[in-house]
Each structure stands twice: as structure tokens, then as C-alpha cells.
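Heads up, the thing below is written out as C-alpha cells.
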Amino acid sequence: MDSNTVSSFQVDCFLWHVRKQVVDQELGDAPFLDRLRRDQKSLRGRGSTLDLDIEAATRVGKQIVERILKEESDEALKMTMASAPASRYLTDMTIEELSRDWFMLMPKQKVEGPLCIRIDQAIMDKNIMLKANFSVIFDRLETLILLRAFTEEGAIVGEISPLPSLPGHTIEDVKNAIGVLIGGLEWNDNTVRVSKTLQRFAWRSSNENGRPPLTPKQKRKMARTIRSKVRRDKMAD
């Protein structure tokens, strides 16, 4: 096992512990608490993959951080903070929408890279809006926290979430997963729109109906689907 992988996990465990203390003292806001919960799931997945105990890793991580801080000068810390780009946390969903439990009548689950897509295939002929909470850096989506699909009545019918065991994803991973989710929902004659916030930072462009532009891969898949449907209709006639 790579030593850098282990030490990175140990430091992440300790930093999560520090952030948990901030929340326990009621010093964290809603986005801070949201990230804490998501990172907890990620650490559990990484710990299982690496076969490392989180409590023991936290203690070692503390020693690593203390050693670094002891060697770090105030001037170097100021320079690091000044040169680091700042990310922003954007929310389409409320805390209630983000944390609400939901179930599927006809569940379908697919893994697309480091992201998990869940769709309720029982949903038909609905107007659906995709909302997401995510971080942005350089005016581009950086990290997806959670994306959910809502009907006009407020029911959750789909979801995209990072896999705890595979931390890290790109904007292309997110766009591909959204394409899969939209395709699955539209297959049952649902009309799907994407929130303006997500359109802006994931695509920087969109159709007037709120649907993001299709990638070449999605266009080819849609063309095959249409041809297949036309053939079935002709056979039925």
C-alpha cells in the first residue's frame, strides 16, 4: 500500500475530527454541516477499502498535522492562503430536501465512474426539475455534493451521489451522470429540466427549455433509440 495514500487518509480523518468539534460547538453553518456528513461517508468507504481503523488513523493524523504546524512559519501560511483559489458552495436544495429519505417503487441503480445514479422507473408523464448542491471554483463545478430529481409535487424520483469508496470526480463525470439520469427519466415520457444554477456552472449554456446540451455520446445514443422506436412502430402497424 502506498504510504502517501495512508498518510492522506490519516490527515483527512484528523481534519474531519476537528471540523466535527466545530459543529459540536455550534460554530458551523449549514453548508459546513452538509460537507461534514458527506465526508464522513467518504472516510468510512476509504477506511474499508484501505482496511484501516478510523480512530487509529485520526490519532496518527493529529501527529502529522502537529508536526507540520510546528515547522510552518506564519509568513509561509499567509502566502499559502493568499495563493490558494477560493471555492464557493452553492445550494439549489434546502436542508430538508437534501436530507429527506425517499424510496423507489421500481428502483434502478447504475454506477457511472465515481458517481451512483438512482432512478424510480415507475414515474411517468411528470415535469421534473434537477437540483444540486455543489462547490464551484473558477466559475466551474468543482465537487458535486448531491443532485436530486423532483416532481412538481416535490417528490424525489432520482438522485446522483458520489461513491464513498471512490472519492474525487470531474465535471465531465457529473455531466455524463446527469445525461444518464435525464435519459432514464425521459424514457418514461417525463419532461426534465435542470436548475439555472447547475446549467450555469456545469455547462455555461443550455436550451431555452432548461435542458442542457447533449454530448456527442448522448446524441448518438438518442439517435439509436429513435431509430429503434420507429422500427417497433412500423412493425406494430
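In case you wondered, yes, glycine gets a Cβ from its N, Cα and C as well.
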Swiss-Prot annotation of region 'PABPN1-binding' - which of the ranges 159-166, 167-174, 223-230 it falls on: 223-230
Range annotated as motif 'Nuclear export signal' - as stated in Swiss-Prot, picked from 7-16, 117-126, 137-146, 147-156: 137-146
The motif 'Nuclear export signal' (137-146) - residue tally per DSSP class, helix then strand then coil: 0 helix, 8 strand, 2 coil
Secondary structure composition of the region 'RNA-binding and homodimerization' (1-73) [DSSP: H/G/I, E/B, coil]: 61 helix, 0 strand, 12 coil
